Amino acid sequence: YPLYPAAVILPTLAAVVILLDVPPLVWHARNRNLAAFSLVSWIILLNLFNFVNPLIWPRDDIPNWWNGEGLCDIQARLIVGASVGVPGCMLCIMLSLARVLDTDRGDLTPTKSQRFRRRLMELLLCFGFPIVIMIVYYVVQSRRYWIHGIAGCNWDYHPSWASIVVVLVWPTVLEVFDAIIAALVITRLFKYHKDFASILEASNTTASRFVRLFCMTLILIVGTLPVQVYVLAYNMSGPLQPYSWSEVHGDSWDTIMTVPSYGTVLFYRWTWIVMGFLVFVFFGMGRDASSMYRRWLEKLGF
C-alpha cells in the first residue's frame, strides 16, 4: 500500500493554513467582529480535519484501518454544519458591509437594541442554523458515516427528496443570498463612490478593512456558489427514492463505509485549503496584522 503524495501534501498545507489563520482569528476576536471571527473559526476547524485525517488513514490499507468511531461521528456532523455555517458567516459579513453603505438609514450610531438584534442574527446564522442542520441531519442519515482514504470521515444521506429539503438545499440558498447582497454592495459602491471615505468615517470603519472584507467574501462567493449549484443539481438529477424512516434507520444505519483513495482526495477538501490561504492573504498581511506580529515578537524579547 503506497503512500500517495496527496497524503503528505494535504496535511502539510492544512498545518500551514491553520498557523497562518490564527493571527486573523485573534485580530477579529479583539475587534469583536463576530461574523468574520466565526468564518475563520469554521475554516480552521475544517482544515484541522484536513490535517488529522491523512495522518490516520494515509494509505489504502482498508483491512487495518481504524473504524473512526467517535471521531467520525463528530466530524461528519460538523462538516454538515459547516456547509451552512460558512455561507451563513459570509451573508452576515455582506449584510454588515451593505449596512455601512446604506446612507438612508438613521442609525449611524445604532442603539443597544439594534446592536443586540444584529448580534443575535449573526449568532443564529453563524452557529445557530448550523446546529439545527446538524440535529435534523439525523432524519436523512442513512449510514453512520464514510471513511475515504486520505480525506477520512465523511457524511452520508438517503437519496430522497427529504435529504434535499432537510440538508442539501440550504447551502445553495444561503449562497444565493450571499450573491444578492454582494450585488447590492457593489451597486452602492458605484452609487456612493465619491462619498465613500466620509461614509466609512461616519460608520467608524476604515477603507482598508472594508475593502479586505468585501474582496475576500466576494471571492469566496464567486468560487463556491457554482460548486454548490452543481452539487445540488447533481443530487436532484439522480433517481430519488421515497423516504421511509424505517428504511433510513434500519439495520444498515450503523454501517461504516470505507473507500480507498487511489491517490486522490475529495475535491472540496482542497477548497478548504484555498479558503484558508485567502483569509491570510486579506487579513494576515495588512497593517493591523503587522502591528500584532510586532507586539508578539516584542513580548518574546525580540
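Using N, Cα and C of the backbone, Cβ positions are placed for all residues, glycine too.
Those TrEMBL annotations? Automatic predictions, nothing curated.
These come from TrEMBL:
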- 6-27: transmembrane segment (TRANSMEM)
- 34-56: transmembrane segment (TRANSMEM)
- 76-100: transmembrane segment (TRANSMEM)
- 120-140: transmembrane segment (TRANSMEM)
- 160-190: transmembrane segment (TRANSMEM)
- 210-233: transmembrane segment (TRANSMEM)
- 267-285: transmembrane segment (TRANSMEM)
Contact check, the transmembrane segment (76-100) vs the transmembrane segment (6-27), 3+ Cβ pairs under 8 Å, seq sep 6+: no
Beyond the flanks of the transmembrane segment (210-233) by at least 6 residues, Cβ under 8 Å: 36, 86-87, 90, 93-94, 97, 100, 164, 168-169, 171-172, 175-176, 178-179, 182, 185, 200, 268, 271, 274-275, 278-279, 281-283, 286
